[in-house]
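J.: Would you mind keeping the following structure in view while I ask a few things?
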């Protein structure tokens, strides 16, 4: 028979010291006497991550989060949650320790949450190397003021959803689990079976708790111990040692029932939020739904031919096109995905960064979507039909031929590219398609000399920008000669 464990108050946490030992479970050992000390999770040890299985996952996760929230400040621990398990983690949004809760439907928030935690790992990896930090314990003792993060927990409630719906992000989370522990970043995940995790990822989870399994055969701890877990007892399970355990409820109102658990969780969250008057955990920064042109960061480097065209999802830093390194650009996208708007913004960026003596734009736009977007002083030509486009390309090809280095060009001139004088040329082609009208047919333009110049673009300052529908990528990829 399994006796009900003796209730005792939680051990007092040392004051002024970050231990990261949360007491959410009561361990029992049937047939071996009773252990009456609360089980702790050594998050500063080698066990960086934990897997909770099957019944009561959401409640168990909330117990872990609230246990740490009750014993540590939002400066010391932060939680970033991916709630794929039914929305139970949403009730913790009000905790000052929680920086964000993202559901499966909010794809942007999911991606940004993982990117934010990954950035913390990368930034600390760089900082530890530069400052020669002797481990995370020393970093906690001398926490830099400019680092707003303490120990960071990425909580994934429903790993199988991450694996199926966000397959490209599973490797990123796995990399966080592999590298993050040394820098104070932890993973807490739930799944229905341990086999929901790929073998290379499963081995990274050192601390493991199994609640009641649908089939004890799926246990990775001990089959006999898994069989001893009673049915219809949410919160009962086994630790990685095989001992029985009972998860605590995430509530501090003195009640030991799950009947009104949402009210109990709400009370706990409200009390913690009310008692903390300092800065909360940093929120997950999201990509804005729209980015106005005026809001682009002023990070252009015209001399180096680097122009800012947006912000990155990974760290919200400015994204620059480096035309000195890659002279040509093809923009892929389906209908109404923003290809014309991109060319419009890029043309404006060019005209604002360069004078007409430094850069000119040749537009091939048979749909006239860019009509009036480039001023006459920067406009080299505007091809709106096949005849006009062919003439403009032939004229441009002749001009570019004059810029090719001759036999008398010295190595110094070749490196400095100063054997010719004139503006850089930027042809922009809008919406290439296979049908001949109203778009440009590059098969007919191949007779012109335009196709030769992209290979010599850096020498003659000929930069090509082209948009293309995604469906035509296979068609274009089988004709590489047209781009040479």
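Every residue, even glycine, has its Cβ placed from backbone N, Cα and C.
Sharing the record's features from TrEMBL:
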- 1-24: region 'Disordered' (REGION)
- 33-54: transmembrane segment (TRANSMEM)
- 34-220: domain 'FtsK' (DOMAIN)
- 51, 52, 53, 54, 55, 56, 57, 58: ATP binding site (BINDING)
J.: Let me know how many other Cβ atoms fall within 10 Å of the Cβ of residue 56 (ATP binding site).
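T.: Result for residue 56 (ATP binding site): 20 neighbouring Cβ atoms inside 10 Å.
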J.: Quick check: in three-state DSSP terms, what is residue 56 (ATP binding site)?
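T.: Its secondary structure by DSSP: coil.
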J.: Across all the protein chains here, work out how many other Cβ atoms are within 10 Å of the Cβ of residue 58 (ATP binding site).
T.: 21
J.: Let me check the 10 A CB neighbour count of residue 57 (ATP binding site). How many other CB atoms are there?
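T.: Other Cβ atoms within 10 Å of residue 57 (ATP binding site): 22.
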